[in-house]
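The annotation active site is assigned in TrEMBL to D36. According to TrEMBL, the feature ATP binding site maps to G9, A10, S11, S12, S13, G14, K15, T16.
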Amino acid sequence: MSRIVLLHGASSSGKTTLAKALQTRAPFPFLRLSFDTLRDGGALPPAARGDWTKIRDAVFEGLHRSFAGFAESGCDMIVEHILDTSGWHGRLQDLLAGHDLLFVGVFTPPEELARREVARGDRRQGSAVEDAARIHAGLRYDLELDGRAPPKENADRILAAMARPVQARSMFFSS
């Protein structure tokens, strides 16, 4: 059974910075996986970005299956994701069943999301605030974190939550 930390939050909420801090502080190796890793690493050809709608579903299905593949292979993972599409949560519940998953909501106030989005310069302005307004609706988390808190503190909170028995968490499978 692999250990999976699923960080769920809006774009610019601090998921990547938190994931990197968690990798550094964890006493065991974590892979860090996200769509951004694929996109920014060049896996998605620039020509495909122009007609994204034709391949989006297939790309995310492949990404989700890759999470399961790594988990089935025994890899512990930090997954950075935005569950913004109908059916993704249920699909990941099926694919990741049987693994030790900690579902972490990363919450960052709208004004901070907007500030970070402008500073990044690689996102459509306003999309992070739009995400934050809807992606957490109806979900229950094992742990909720403030995306403004120091990443090392949030990483330590995740590690403390992971020390709890598996039966006392895994809200991901009951949301």
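Every residue, even glycine, has its Cβ placed from backbone N, Cα and C.
Bear in mind that TrEMBL entries carry predicted annotations, made automatically and left uncurated.
Note that the structure is predicted; figures quoted are calculated from it, not measured.
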**Inter-residue Cα distance where the pair is the residue listed as 'active site' and K15 (ATP binding site), in Å** = 11
**Message:** Roughly how many Å lie between the Cα atoms of G9 (ATP binding site) and the residue listed as 'active site', rounded to a whole value?
**Reply:** 14
**Which same-chain residues, if any, lie at least 6 apart from D36 (active site) yet have Cβ under 8 Å of it** = T16, E80
**Message:** Which secondary structure state does DSSP assign to D36 (active site), in the simple three-class scheme?
**Reply:** helix
**Prompt:** Among the binding-site residues S11, S12, S13, which residue has the largest number of other Cβ atoms within 10 Å of its own Cβ?
**Reply:** S13
**Request:** Enumerate same-chain residues with a sequence separation of six or more from A10 (ATP binding site) and a Cβ-Cβ distance below 8 A; give 'none' if the list is empty.
**Result:** I82, V106, T108, L113, A128, V129, D131, A132, I135
